[in-house]
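Structure first, commentary second.
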């Protein structure tokens, strides 16, 4: 019995170190797998930057201006940038205008909804919609870093109607030159026609005075002196 118990004890003493070594190896493997998983997750997070969803065109909206014009707007995409068309009705008048810009770079980093909401607010706050040639639609999310995202007015039916009327009302400089040059020959002609009449009246007056003061005998001599002394009455 004693020999059997001693053999069992010796076997247990030999097995314990082996079990401890296996347990340490298994613990190391678990720690290594967990660390590698955490490292892969940690490396994967900063590599992916959050980006907004691509814009689905056309984008549409409606608004009412401070001067009670009912308007609607729609955005279409071009090869470079976008075009925003505004159509309004005020009483019996209808007018429209176009804005252009390129917010593509800004929309890749910011939310589309924020940008288009600010564009809609800017349209509603316009004092004279489609009537100011210097009108620019700006947004707080893009205008500092992306100035090309500002939408500028490029065409308007209101501004195009004003120009022809101004050109018709203003006379051209060629018209004024023709009037002045055509009137000058008439003046010279009237001046030239007045000279013979003036000379005939002077001669008649001189002859009358010579006959009254000098008589018929000395009339011709007096007439000669009077023509030298008296000037033309004209």
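Quick reminder: no glycine exception, Cβ is built from N, Cα and C everywhere.
Among the features that Swiss-Prot reports, signal peptide is placed at 1-23, with the record citing sequence analysis.
Look at Swiss-Prot and you will find 25-59 (among others) tagged as region 'Disordered'.
As annotated by Swiss-Prot, disulfide bond applies to 71-88 (among others), with the evidence given as experimental evidence. Mapped onto three states, the DSSP output places residue 88 (disulfide bond) in strand.
Other Cβ atoms within 10 Å of the Cβ of residue 97 (disulfide bond), summed over all protein chains shown, number 25. Marked as disulfide bond by Swiss-Prot on the basis of experimental evidence: 97-130 (among others).
For residue 142 (disulfide bond), the count of additional Cβ atoms within 10 Å of its Cβ stands at 23 [all protein chains shown]. Marked as disulfide bond by Swiss-Prot on the basis of experimental evidence: 106-142 (among others).
Per Swiss-Prot, the feature region 'Disordered' maps to 169-200 (among others).
The feature region 'Sufficient for interaction with FGF2 and FGF2-induced effects' is assigned by Swiss-Prot to 194-234.
Positions annotated as disulfide bond by Swiss-Prot: 198-234 (among others).
Around residue 222 (disulfide bond), a 10 Å sphere centred on its CB holds 19 further CB atoms from the protein chains shown. According to Swiss-Prot, the feature disulfide bond maps to 214-222 (among others), an assignment based on experimental evidence.
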Fewest C-beta neighbours within 10 angstroms among the disulfide-bonded residues 71, 88, 106, 130, 214 belongs to 214
Restricted to the region 'Sufficient for interaction with FGF2 and FGF2-induced effects' (194-234), the mean pLDDT of the model is 65
What DSSP gives for residue 71 (disulfide bond), in three states, is strand
Residue 71 (disulfide bond) to residue 222 (disulfide bond), Cα to Cα, whole Å, comes out at 97
Here the disulfide-bonded residues are 88, 106, 130, 142, and the Cα closest to that of residue 214 (disulfide bond) is found at 130
If we take the Cα of residue 88 (disulfide bond) and draw a 10 Å sphere, the disulfide-bonded residues of 106, 142, 222 inside it are none
